[in-house]
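Asks: Have a look at this one before I ask anything.
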Amino acid sequence: MPLQTNGNLSKVYVQGFVLEGFAGGLETQALLFAVFLALYMVTVLGNLLMIIVITLDAQLHSPMYFFLKNLSFVDLCYSSVIAPNALANFFSSSKVITFAGCATQFFFLSLMATTEGFLLGVMAYDRFMAICSPLRYPSTMCQSACTRLVLGAYCGGCFNSVVQTSFTFHLPFCSSNRINHFFCDVPPLLQIACGNTAINELLMFGICGLLLVAVTIVILISYGYITVTILRMGSGAGRRKIFSTCGSHMTAVTLFFGTLFVMYAQPGAIESMEQGKVVSVFYTLVIPMLNPLIYSLRNKDVKEALWRLGQKHMAMWRMC
């Protein structure tokens, strides 16, 4: 366990951290609690609904919705890593999180965030194959291939998470055990570390930047080919359907990667903690809440599946 030194330079073990969260009095904390609770409840309900609808509706048993179901699962886990503990801390006097609890939260946050990034790249590749190579699509994106792509996304997320967690929590924390954030994240942890954090910063910027660039290149190439294919289409209805599907995905990609770039892939991220808290709320709670809304409200197939599910349950309720 990392060591902390007191004023006499004697060594004491860090038993835990204090998550300072957001400044403000009781009214501010109550308002933030209500906002966080509302965001989290909508996130849970929206993503659970997407998972249930895609699982139960046979017409949505296709590669695109298989990936979307996994995205909803990741979003659900992603926000659940942060929100419950943050909600409990709003009215807590201690706001303490154990060292193991902090490392665990950090590990799963990194795992889910990285996995979501890879999944968004996989979804872009899926749309590329469906639109640009429709004849090869059934064989290329078969069930086993889709499963391997999803497992690869999780493995990539796990690799990044193991590296980031091991390097971060082997640092000595000497200056303080108070984390200027509402969850355990790299920038605030590096601020309170007393050792040399150059390698950690390089890892954060390097790995996050590399992942962002690699996935962004896959997405840009995929949508470059998709755009050319759309422009060659003679059917206006076909164009509109493709634009509707791809537009939802591009909206999700822009929101997710834009906030991650602001938070992790540029050098000013470590110093601007107050701005970082606001950005963190956006990518840990707002984006997981928006994703099911983006894909359901702009997707005709999902809306029809929701209607069929509603009609089915209404008929069953009338029979009872």
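Every residue, even glycine, has its Cβ placed from backbone N, Cα and C.
A TrEMBL annotation is a machine prediction, not a hand-curated record.
Sequence annotations record features per position, and here TrEMBL assigns domain 'G-protein coupled receptors family 1 profile' to 46-295. Per TrEMBL, the feature transmembrane segment maps to 30-54, 66-86, 106-125, 145-163, 202-226, 247-266, 278-297.
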Asks: Taking contact to mean 3 or more CB pairs closer than 8 A (sequence separation of 6 or more), are the transmembrane segment (202-226) and the transmembrane segment (106-125) in contact?
Replies: yes
Asks: Using Cβ atoms only, state whether the transmembrane segment (30-54) and the transmembrane segment (247-266) have three or more pairs under 8 Å that are 6 or more apart in sequence.
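Replies: These two segments do not touch.
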Asks: As a test: from 66-86, 106-125, 247-266, 278-297, pick the stretch that has the greatest number of Cβ pairs under 8 Å with the transmembrane segment (145-163).
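Replies: Per the Cβ count, the answer is 106-125.
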Asks: Under 8 Å for C-beta pairs, could you tell me which stretch among 66-86, 106-125, 278-297 has the largest tally with the transmembrane segment (247-266)?
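Replies: Looking at each of 66-86, 106-125, 278-297 in turn, the most contacts to the transmembrane segment (247-266) are made by 278-297.
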Asks: Which whole-number mean pLDDT does the model give the domain 'G-protein coupled receptors family 1 profile' (46-295)?
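Replies: Value for the domain 'G-protein coupled receptors family 1 profile' (46-295), mean pLDDT as a whole number: 85.
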